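So that you can see what the record holds, here are the features copied from Swiss-Prot:
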- 8, 10, 214: Mg(2+) binding site (BINDING)
- 8: active site, nucleophile (ACT_SITE)
- 9, 42, 43, 191, 217: phosphate binding site (BINDING)
């Protein structure tokens, strides 16, 4: 039986409106009451994930910034690993002046965006943080958890991904969370590493973990768990890379909650009442 439930947020647990629906909320709370451990695993900043958790008034583990930080049930930081300062600087200079690509940084509790851009349609609606402008020549690159690039020009982002891998190799992990967002963290961290850490702390085997995701940054987490579930709306490359994973409903239709209800709490009177 699975005891740890780990889920990505955007495109997975969250609705297309970037909310936890009432139905999903009730399923999560019911399972936590029954002794299951929940893990929110996301590329989002810690502050964003914390606010989602606090809105639900629950205790969950949190894997933030694609594994750069991991928090326990009591909101204690139990792991962090930042990008090397030199690497973060190089990343931020790669496309800083490209008019089609927005360079963005998570450092400590702040979100930064390159100062030659005004239109940033990708992130303000997804985040409770408000960005500040930065210039890499005078920026302090200590404790940068993630550098990410957003663009409507997907061809440029795919070329950038190849360039980063060629230039930095395994010193970084670089993945698309969604087609228009390329994310880079330290090569020593990932959602999968965060899940391993949590399973070790709890003394629960990874075989007793079930995972849910939709993006390429979810692949390593999905690949190490006892059961992997991919959203109907997931990246086609993810489905191709993990052919054994079960494809479930879309986030538009509460896919995760519907699956959990059917497979974990079927015929329970509490669930039947809503």
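Backbone N, Cα and C atoms are what each Cβ position is placed from, and that goes for glycine too.
Feature map: Swiss-Prot annotations on the structure.
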| residue | record | contacts (Cβ under 8 Å, 6+ apart) |
| --- | --- | --- |
| 8 | Mg(2+) binding site | 41, 42, 191, 212, 213, 214, 215, 217, 218, 221 |
| 9 | phosphate binding site | 40, 41, 42, 44, 49, 52 |
| 43 | phosphate binding site | 10, 65, 66, 146, 148, 177, 181, 183, 215, 217 |
Collapsed DSSP category at residue 214 (Mg(2+) binding site): coil
Among 10, 214, the most crowded of the binding-site residues [Cβ within 10 Å]: 214
Remaining residues near the recorded phosphate site, that is with C-beta within 8 Å of the centroid of the site residues 9, 42, 43, 191, 217: 8, 10, 41, 44, 63, 66, 177, 213, 215, 218
Where the record names 9, 42, 43, 191, 217 as binding phosphate, the maximum Cα to Cα distance in Å: 12
Cβ packing number for residue 217 (phosphate binding site), 10 Å threshold: 29
Surrounding CB atoms that lie within 10 Å of the CB of residue 42 (phosphate binding site), all protein chains: 29
Residues close to Mg(2+) site centre defined by 8, 10, 214, Cβ within 8 Å: 9, 11, 12, 13, 14, 42, 177, 178, 213, 215, 218, 231, 251
For residue 10 (Mg(2+) binding site): DSSP state (helix, strand, coil): helix
